[in-house]
Every structure is written in C-alpha cells, then in structure tokens.
C-alpha cells in the first residue's frame, strides 16, 4: 500500500535548485497554461489536450467579502447560470402549483417553500459538477493547480497558495520499505498562456455599510438559510433574475433601480419584463439610490436611500441586502502591467483582437475578462475551443460574436438575438427600420386564466431589399428555448446575405 499527500514547507535551498534545473532546460514546461478554471478556460485546456499537448490549468477562488467560496468550474457552474436556473425552476414550479388547480389537480393550501431544502439540493448538484470537471481534467491529462496565478515574466507564472504566499510543496510517497521526498514549487513556465479569470461582482463602496452588511450573487446561491425580506439593488439581468425567483418562492422582494432596467437590451422589452414582475409581486423603487446600510440590534438591515425624482430621503428594514450593480474583471492579482498586456483603462478588461490575442503575441484571453465580448458561457466555451484549435490544430476559424442569442430568466423570460430597436435606429436611422410585432397568449395561460398582457414578440428589420432581420425579441414561457431556433435561422440567413453582397463590395 502507498499513500500520497501534500504539505507545505519552506526549503530555500531546494527551491533554488529547482529553478536552476528548469532554467538550464531552456524549454517551457507546458505547451499551454490556462489561468482560470471557468467555462472558457476549461474548454480551451481540454481541447488543447486533445492534440497531445502538455496543458495545465490554474484556478483559485478568492472568498467573497462574506467568506463564500466554491470549487472548480467558474461563475456559471458555481454562482451563475446553473444555480440561477435551478432556483428559477423552483419559482416556476410554484407558479405551476397555482395553475394546477385549474387543470384538475387538488393542491392542499397553503403551500410553503423550504429554502434550506432547495439550497442543499442545488449546492449538492454544483459540487458534483466541481468534481466532474476535476475528473475530466485528469482523464485528459491536464494538470490542475488550485493556486492563484500571477505573471513573473511573459512565459512564467508564479503560483500563490491559499495563504497568499508562494507555494513550496513537498510530495511524500510513503511505502512500507521506501520513503521518498520530491520537491515541487509552483513556478510554472509555458510556451503559450491563456487568461480566463472572468469577473466578480462590484460593491458600491461609497455606500456606508455596503461591504460590511451586503451580499452579492457570489453569496446568494450558497446561503443555507432563507434570505427573508430582501432588497436587491441594481437593474441588471442578475438583479431582475434573482429578484424574480426570490419573489416566486414567496419572499418579500424589492428591486431598487437608479435608472433604466436591463441597460443594453431593447427598452420596450425591458419595460414589459418589469411590468410583469410588478404584477407577479416584486416591488420596485425607481429612480432611487442607496446612501447607507446599518445593522439593527435585531440583526435586520436598515437601509436609507434617496429618491432622485423627489429629492426626498426614505428608509426601510430588510433581512438581506444584495448588490447587483455590475461586475469587474478579475485581473488585480495577475500583474499584467509587468508583461505588457494592455487593458481598457475604464473597464479593466483585456484588449484582444479577432483571434483572442492580447498585446503580447503568445498570451491570449477568452471569456468575460475580454473587452467587447458578450459575457455568456456558451460563447466563452466556443471561443476557448476555437482558440485551442487555432493554436494546436492547424485551424484558422475565428469565433463569430455576431447574432449570439441570450435569455434573461425573469419570471416571464425574455430571449433575444441581434440588435435592439434602439441600436438598429442608431446604426441605420429610424426611416430605414421596419418593426413587426405582436402580443400573443400562450396556450398554457388559457385554462389557468393567467394574464398574458406582457407576452410579446417583435422583429426589427431593414426596410430595403429583402428586409434583412436585424433583431428578434421574444417575451414568454421558455423564451430561452424559443430564441435558440430562431437564432440559428437568422445567423444562416446573414451568412447567405454576406456571400451575396461580397461581389458588390469587391466592385466598390
């Protein structure tokens, strides 16, 4: 029998020998090193390994200010798409129970929801995905390091342990007759490096008590007990999705919006989304900004805010305050300046070209950390795979970021692909735009006599020639599934149009 374990130790002499040996070899240890174990990074690493390359992944989760942490898989798996959609499904089931009586089901009332039971089931599933990702990396012979990566030079990454110090490790192989010690230090060199560290929620640090008493989506999905009466600050899709499922499972939920909902999305559709949420039971504080959060002796949170329309100050108490005021790229620990990787000074995101290359030729970036890319898991996965194929598989195919469908999982879902009406007008002028639209009533709403006032779809087209479709927007049940099929058709038609236009462009 043999046992294998790791423990931390400081061995300055051994560390020096290790660096010398590596320097003398003159060749980087890995063909590809990926910093970040989220959707894009893992996809890139696993695809590169398929070409027989030596690949490593570094992933480390900095605990949230409230101490929440999670495993391998990134935002989507742990604190994003997966737990969000499962809790959204829990809320939809609550609505279905109300409809069921109209369809002949005898449901005993009142119906109660158990947060702890739901949270435990969701968290157990997420943990199974964490384990699955580790197994997949092992099966594909991708080396996984649970350390925080930072650039030492353009080809060298220095790993940091959970304690925040350089990690010197001893690997002990223990046998009945043999005890061998092999030194291992987390200084890694690679021919090519991919940055895929994603982003983390922002805190409004200018608001007194925000950091001390508030939570974000990094924490909500890992709460063991119900958040109770909740104030969600922000008008982003994260804010509305979380407020939607909290309302759906029976919690008193309020959304505080500074300005418009779903900035960047079609505003007519965004208004319909919030109108439905209000009819669904979510409260809205519009044109309001928080100024202070205080903890009461009862452990409730007393929130003070200013109404920017009236100029008045108002206040109320909540059990939980959740901030959903945007996300920031997770780049602080990377030491990008030292190696010359350029970022957008305003957003902090990494600037990349069409091939995902940064300003340093052999360093690439994919996913939410990149400037001008949609913050969507499927695009990060596709971009990561295509990057690996170009680097190691003799492919030249680039990621197509046009007409990528997306869905907002609010109580009444909103799916869209292409341009919003506002963006289409901005690009082509209002006189050149034709909008086809219709309200409709889903069949499942009929017997249940549910209000379908906000069930709506519209198609934004160019007036000229064959009226090219610029954008399609749909609000209603299963919007995510509906929009996928239309997106495929729109993308295919666009490719046909581009081929037809190519001769005309070449003659200009």
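Note that Cβ sites are derived from N, Cα and C of the backbone, with glycine treated the same way.
Remember, TrEMBL labels are computer predictions, not curated facts.
Positions annotated as FAD binding site by TrEMBL: 85, 149, 368. Here the Cβ of residue 85 (FAD binding site) has 17 other Cβ atoms within 10 Å, regardless of which shown protein chain they belong to.
TrEMBL lists 234, 235, 236, 237, 238, 239, 240, 241, 326 with the feature NAD(+) binding site. Annotation for residue 238 (NAD(+) binding site): spatial neighbours 201, 217, 324, criterion Cβ-Cβ under 8 Å with sequence separation of six or more.
Here TrEMBL flags 76-81 as disulfide bond.
For 30-384, the entry in TrEMBL reads domain 'FAD/NAD(P)-binding'. The predicted model assigns the domain 'FAD/NAD(P)-binding' (30-384) a mean pLDDT of 93.
Secondary structure counts, DSSP: the domain 'Pyridine nucleotide-disulphide oxidoreductase dimerisation' (404-491) has 30 helix, 29 strand, 29 coil. The domain 'Pyridine nucleotide-disulphide oxidoreductase dimerisation' feature in TrEMBL is assigned to 404-491.
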Listed in sequence order, residues with CB under 8 A of residue 236 (NAD(+) binding site) and six or more positions away: 262, 263, 324, 325, 326
Residue, out of the recorded positions 81, 240, whose Cβ gathers the largest set of other Cβ atoms within 10 Å: 240
C-beta crowding around residue 149 (FAD binding site), within 10 angstroms: 27
For residue 368 (FAD binding site), the one of 76, 81, 234, 240 that lies nearest, given that the recorded positions are compared by Cα: 76
Span of 85, 149, 368 around FAD - largest C-alpha separation, Å: 30
